[in-house]
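Below: the structure, in structure tokens.
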Amino acid sequence: MSSLCHPDDGRVRLVMESALTARDRVGVQDFVLLENYNSEAAFIENLRRRFGEGLIYTYIGSVLVSVNPYKELEIYSKQQMERYRGVSFYEISPHIYALSDTAYRAMRTERKDQCIMISGESGAGKTEASKKILLYYAVTCPINAHMATLGDRLLQSNPVLEAFGNAKTFRNDNSSRFGKYMGVQFDFRGAPVGGHILNYLLEKSRVVHQNHGERNFHIFYQLLDGGDDNLLTTLALQRNPQNYSYLVKGNCPRLSSVSDKNNWKVVMKALSVIGFAEEEVQKLLSIIAGVLHLGNTQFGEGEEGETCITTETHATNVAKLLGVDVSALGEALTHKKLTAKGEEMITPLNFEQAMSARDALAKAVYGRTFTWLVEKINQSVALQEEIYHSGKGCSVIGLLDIYGFEVLQHNSFEQFCINYCNEKLQQLFIELTLRSEQEEYEAEGIAWETVQYFDNKIICDLIEEKHKGIISTLDEECLRPGETCDASFLEKLEDTLGGHPHFVTHKLANGKTRKAMGREEFRLLHYAGEVNYNVNGFLDKNNDLLNRNLKEVMCQSHNQIVSYCFRREEVMDQKRPEMAATQFKNNLMKLMEILGSKEPSYVRCLKPNDAKQPGRFDEVLIRHQVKYLGLMENLRVRRAGFAYRRRFEAFLQRYKPLCPETWPNWHGRLADGVSTLVNHLGYKAEEYKLGRSKIFIRFPKTLFTTEDALQAKKPEIGECKNGFPEWRCKGRLLVIILPFIKGFIYRHEDYCPENEYFLDHVRYSFLKNLRKNLPRSVLDKTWPTPPPSLVEASENLWRMHMRNMVVKYCKRVQPEWRKQMIQKVAASEIFKDQKDSYPQGVGRLFLDSRLEREQINLKVVQTLGSDKVQYGVPVVKYDRRGFKPRPRQLLLTNTFAVLVDKTKIKQRIDYAALRGISVSSLSDGMFVLHMPNEDNKQKGDVVLHCDHVIELVTKLAMMASKVNYVNINPGSITFAVARGKEGIIDFVRGSELKVAKGKRGHLLVIAPQINNI
């Protein structure tokens, strides 16, 4: 088997498609190389062979197919990560690390955002795949202390989101019940510097109901099993899950494969690493406990037949844990508030309505808390602007871990949304795959051949089209006045969509199909197959409404998380919120925009059996998934043109021993070398095409024949692992030395074949020496002398290195010092060498404010409202007539400044209207704010004195964006007294500061001399 040594550490890396030699035993490692690529049986047989040998990864071109082994494999060590790091995608066996590394290198070299889309049904290993990718980046990317913390937080977000968003289902003990998109931001060096998570369609209905054999979200069981006795006592909880109505529906309180107690410890540690405060964790757990008590809250009939709460203890616990008033909560759970013609009416709820209101509250509280949790994690892993200045220069790798196509025995609203999502992803996948193929062909100058494929736009339109689609019809039925129900929704669908080739109901079906469908079902013919959806519950789930009075109670909560989740604005807003399906559709459209703007990579996950047994390969189940993931369609698109394409240098390097003219080395153009090689091998014109930098081979058989010829040739090649024969060593030595000598002779000529070897060596030596002797600080001006051919490059490298060191220094600066430095630089631009007091003023710390909070009158703060005071300082204002001094406070907000006299705002100065700021060149603290003369509201310019004039004017100029409008006057300042009238301030040096009325009605300012050293 061919191999080469890595220059850095001597590790042997397998090169090219080495697994081709073992294809009879393990199949092909790229489905594109299947001879019978249209055969589903051949596809599955190749999967089975590889799975039987423990090879869980296979490619379809650049798509990675992953089969869940249901056991630990020794292929995820740090050594394995290093093996795949920096290696071309096809050089070694398929692996999720290869895909991760390829996406990372494409992001860095091409500066294009990437996205890795992971799909598959529950239990196929999607979550584990996303963890492996994140771990790969955490281990292999350049990192410092801050980045290590970020990496830890990104990784630790997984157990937290799994605890609150995953559950045991019939098919999977750790099934993600929400869709997740995580974007990881990288800086120019390829180091992770930030992240962001988007979540989609949490299965809130699981909070109140689970199918037999399934569980609620993990966190409920982890809390009961892992929380200490004091915590459970505080939350009024008992350890036995059977005591809680929301945990007994599935009759599956324990899992043999999962330790809830151990996972509790992992989650608590993860919350701490991410940065949750102890108080926040306590509030969060109070909500979880509150949901359990809410499930135990029961209702009955009172003496007058009204609905009332019969379990006061649980209702009291709910109110306490959620931080609301118990009587208000009880009233809201048993009554409904309606608004008709501007008047509010309160009507009692019957027993079923009260139970529905309770469950709706439980789902809303849990769902919104989950959203808050994601937002909190986002704050923790967000790009730190004060450290990295701006996210504009960052590149992104997104990870989409989202539910695969779902077909259950009973398919409802959730499956409809999930499968709609998969239709959109399939549409995007085909579009991007075809676009990628077409772009590669065009870049290589190969004629593009039209590809026949199923365009599922017709199904997407069926679901999402305005006014006619299923979602629009569902919304209309939910909003329609009068009696509406799921059955009327089905009838409306039949009226609107009857005759559509991908839609059928019991009423519209023919005799054979009708027997397989219920009267309450409609069938969609998806790209992946037929699915029957039961309409029962569609309207309620789409409405997803919470009674207004329950919202009112929640928004008054003392639990900060609850009050954040239920905003007062929501109660006051009369506009009806979006329906669940429309909200999901809009979120999905935004996701499609995100994905469409990035270079995609794909991981398709398969589960080999339903029993979660290692080594068992259920062909029927695999065929089902191959169909629903559209893998055969994917392969057909990829194989529509050429099965194999590789860069000239890679192809020539591997197969050059097969042609005397290319062995041992080819010295001409690479394209000519490949052409010579394939002509010698007897390739026919229809079997291949030469592009600009790649060879395209149409048939796998052509490649396999070439590979077999190489294996047969190897014994003749005379490869020696322990050294070369003497005559070969001498010949090899001459081959190396002669070009070097020739290059030395021609070293002063322009770069040409005669000197390229020598000049390349000189350049390499210089760069190697430079790498060892780079300056360690900005003050170190040493730099190795470059050879003549690298003078310009050396200057550019010096500038880049210096800039990099400056950036590194700036990143180490703490935020508060960075703020100081920015202000001091601005002060320097304004005052340096122009004002006597500058050296003294700039040498002191600039404070956030010269006024304590209690020094600013509360009435003034209330008057300012949402405009927060950013800086305050005592000043003396001089009347424009008579120059009488009056003590004032000058308060700066983000958009204007105000002059305050005790409790009253005397004057407002809008930054946009500020024409300029004038100060003297002496050591005094006088300054003038110039206002527009044409503005009748303004009384003229403002004359002020401040002991911190350098600090104040700098801050004011920066906040008002008027740094270039500060005028420094050496002798006098002219200011406007009123419209058409002017006043003058004269400045002279003296022994001490003095401000008095001078000659000719001027204001005289005597400034002391300062000896600046």
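Each residue's number is its place along the chain shown, starting with 1.
Here the Cβ of each residue, glycine as well, is placed from N, Cα and C on the backbone.
TrEMBL assigns the feature region 'Actin-binding' to residues 588-610, out of the candidate ranges 588-610, 611-633, 657-679, 841-863.
If one looks beyond the region 'Actin-binding' (588-610) by at least 6 residues along the same chain, the residues whose Cβ comes under 8 Å of a Cβ in the stretch are 47, 51, 60, 62-70, 96, 99, 102-103, 106-107, 110, 112-121, 123-126, 129, 171, 181, 183, 198, 200, 396, 398, 400, 404, 420-421, 424, 428-429, 432, 436, 616-618, 621-622, 625-626, 629, 631, 634. Of all Cβ atoms in the protein chains displayed, 23 besides its own lie within 10 Å of the Cβ of Gly125 (ATP binding site). DSSP places the residues of the region 'Actin-binding' (588-610) in helix, strand and coil in these numbers: 9 helix, 8 strand, 6 coil.
In the structure as shown, the Cβ atom of Gly123 (ATP binding site) sits within 10 Å of 23 other Cβ atoms.
All protein chains shown were included, and the count of other CB atoms within 10 Å of the CB of Lys126 (ATP binding site) stands at 27. Excluding the listed site residues Gly120, Glu121, Ser122, Gly123, Ala124, Gly125, Lys126, Thr127, the same chain places Asn68, Asn172, Ser175, Gly404, Cys605, Lys607 with Cβ atoms within 8 Å of the centre of the ATP site Cβ atoms.
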